[in-house]
Amino acid sequence: MAVKTPFLKLLPLLLLLLHFPFSFSTIPLGSVIYASGSNQNWPSPNSTFSVSFVPSPSPNSFLAAVSFAGSVPIWSAGTVDSRGSLRLHTSGSLRLTNGSGTTVWDSKTDRLGVTSGSIEDTGEFILLNNRSVPVWSSFDNPTDTIVQSQNFTAGKILRSGLYSFQLERSGNLTLRWNTSAIYWNHGLNSSFSSNLSSPRLSLQTNGVVSIFESNLLGGAEIVYSGDYGDSNTFRFLKLDDDGNLRIYSSASRNSGPVNAHWSAVDQCLVYGYCGNFGICSYNDTNPICSCPSRNFDFVDVNDRRKGCKRKVELSDCSGNTTMLDLVHTRLFTYEDDPNSESFFAGSSPCRANCLSSVLCLASVSMSDGSGNCWQKHPGSFFTGYQWPSVPSTSYVKVCGPVVANTLERATKGDDNNSKVHLWIVAVAVIAGLLGLVAVEIGLWWCCCRKNPRFGTLSSHYTLLEYASGAPVQFTYKELQRCTKSFKEKLGAGGFGTVYRGVLTNRTVVAVKQLEGIEQGEKQFRMEVATISSTHHLNLVRLIGFCSQGRHRLLVYEFMRNGSLDNFLFTTDSAKFLTWEYRFNIALGTAKGITYLHEECRDCIVHCDIKPENILVDDNFAAKVSDFGLAKLLNPKDNRYNMSSVRGTRGYLAPEWLANLPITSKSDVYSYGMVLLELVSGKRNFDVSEKTNHKKFSIWAYEEFEKGNTKAILDTRLSEDQTVDMEQVMRMVKTSFWCIQEQPLQRPTMGKVVQMLEGITEIKNPLCPKTISEVSFSGNSMSTSHASMFVASGPTRSSSFSATRSFQTMGITSSGPASTRISEGSMLGS
């Protein structure tokens, strides 16, 4: 009896402990935690994760969740009031109840022989039977988040409000609004089979999201987190309530801020983001929601995302209906939308047909050359996007008179003025070019046509020598002969292989044999003509071309020194580049790209800026090569959706792999990486002990923040007294501005030249990848809804798929970057 008495005294204490935190992950039957109980939780063995109640945004409500670091939910059961509880019942069912006793959520495992629960070090919450076999798991029943080591298989769905994310059987990743409208459809590269049997998605410890399946050896890499490479970082993939899918990460596995490093889509392209009749646009930093005009009011002025409502319903118009014109605005639709239809019509008929039809509430006229007109019928959900580069005008039926927003009237006037200015500039440039060609032909006719020196040359070679700007057309046999059957290989890249050749007039040339070029004869010649019309000191000159049968070749001037990478990354002391050479190469390259972007008749986006495509002449002046081989952009809209983009990982801007439009700012990003390599002498994607196993660009920014810029400098230059540290600082600052995640945070190449030359003061740059505008702090999450783009990966590849299926009135969408920050923000006043 003396032995039993102490045990009986301890029994109440043991029972009490069932209601309080455990040191181990095992959770016995009968355990309970209360919403009102401070510090009550069921922790994982390493205390990284815990099951607990965290405050909800709604007042006096709490979310029952598995949390990271005690405050960041990665799985949730639901929300209850302060008297709610989460209990593992003796029946084996895990149940969340409100203070009134109402069941909010139930695991429905009361007949599965559950004997205990457990929260693992991976963040998985499981219920076990008497054989320690899981019968229920939070990983198998995800809510809005996927963590590392969690397998997300086809058929599972993440949900957040009206939005959902799922992995299709085909391997595609989709984001949907209200289960019907697919506004993001990210597919596998066409080289993979679309007939997958059981694909699974996984967020790897290095920050790469991959799809695995028996038919995919090694898996297919889908997207990269902006801080990929560091396996000591905790990351998770979350569907936020704004409809965007983001990758978050924390540098600490136990605490600290959680930042977003990638998001799936431009925020204004999220279907329904601004509610019914809401129009999404941007201010300097964030997406904003507005009504189409003053004929509408906000449903809730305190929450503009709830949409708008008509001040006067169409049924009360008494025949006084008219059309509200919204320029540069696109109302969204989706595939198989039952409340919309399309046909071919011009802008005026598209507007008039809708006005006269009782079944039409709005229409959209595409001004992208397609001639499409889309009509929205009663029952439609109206959600749209407005930005100056959007190639469409939307018409919304309203009760007259139209009361337009001030911003819309100003935009329309500015648009008309800009069109007039563009016409004036275009006519002047064309007239100047025609005059120059006429003078050159006249000079040749008068002075050179009878010169015997040209007697043995064909008319093509005569044109080569004396009519600069007109490319010479070679036959395939001529180029085969001058390269000795393509014997001496100079290099290879994403567009083909380069060979050394000697023309009959003894001119040494570089002959590029193009691969994967599918354009027809006429289109190829037009692009060659455009490339050959570009003349700049820092561009490699195109001499001629061959377009014969399936053969497509380009002939360039020859650079004996080869490309920049031969000097920058070599250990050969004979090829060492002094600081003066490096700075001049950086400046020359910037000037060459500026010419392509801002001074050509057509904006030429290079799409593959890297050291291998920067050649060095005998005087070590930079010559940019391979420009114009990607699609030329419309000067009125320098955005382009590429279905098979080419580039080199490590230099690709985040928007490439995020399926967002490619612009001239994508070249700026690539140039920024090259700039950092010129300073450091190291590849931007190098990971080593010196960089603490971080990507070099991220490590370099951390050293810059510490004021240790000299650590970034090439060690071979560290003892060189001739190094201009002011130039080093300008190059480093400029490089970090160039590699900002958001395209409009990056400077134009014209600004880059000014920054390098010291014409303008450069403000300290923002962290290019490690600091995000979406972050968790304490128990709450704050977001500016800035879209975080995917980062380029550490290895090279020549081709990526960039197809997109989200349709905006039937046309593939091409929205702008989500964060609208003025380029002036990086420059001093």
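Any Cβ shown, glycine's included, is placed from N, Cα and C.
Since the structure is predicted, the reported quantities are computational estimates derived from the model, not experimental observations.
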Bond partner of Cys399 - disulfide, per Swiss-Prot - picked from Cys317, Cys350, Cys482: Cys317
From Cys291, Cys308, Cys373, partner that Swiss-Prot gives for the disulfide involving Cys350: Cys373
N-linked glycosylation site according to Swiss-Prot, picked from Asn320, Asn641: Asn320
Whichever of Cys274, Cys308 is disulfide-bonded to Cys289 when Swiss-Prot is consulted: Cys274
Selected residue, Swiss-Prot feature N-linked glycosylation site, from candidates Asn189, Asn561: Asn189
Among Asn98, Asn505, residue with annotation N-linked glycosylation site (source: Swiss-Prot): Asn98
Distance from Ala492 (ATP binding site) back to Asn98 (N-linked glycosylation site), taken between C-alpha atoms, in Å: 66
Cα-nearest neighbour of Asn283 (N-linked glycosylation site) within the listed recorded positions, Asn130, Cys289, Cys350: Cys289
Cα-to-Cα gap, Asn46 (N-linked glycosylation site) vs Ala492 (ATP binding site), nearest whole Å: 50
Cys268, Cys289, Asn320, Val498 screened against Cys399 (disulfide bond), Cα within 10 Å - retained recorded positions: Asn320
Rounded to the nearest Å - Cα separation of Asn172 (N-linked glycosylation site) and Ala492 (ATP binding site): 32
DSSP three-state assignment for Cys317 (disulfide bond): coil
The one of Cys274, Cys289, Cys373, Leu490, Val498 whose CB sees the fewest other CB atoms within 10 Å, among these recorded positions: Leu490
Local backbone state of Cys354 (disulfide bond), from DSSP in three classes: helix
Residue among the glycosylation sites Asn46, Asn98 whose Cβ has the most other Cβ atoms within 10 Å: Asn98
Glycosylation sites (Asn130, Asn172, Asn178, Asn320), the one with most neighbouring Cβ atoms at 10 Å: Asn172
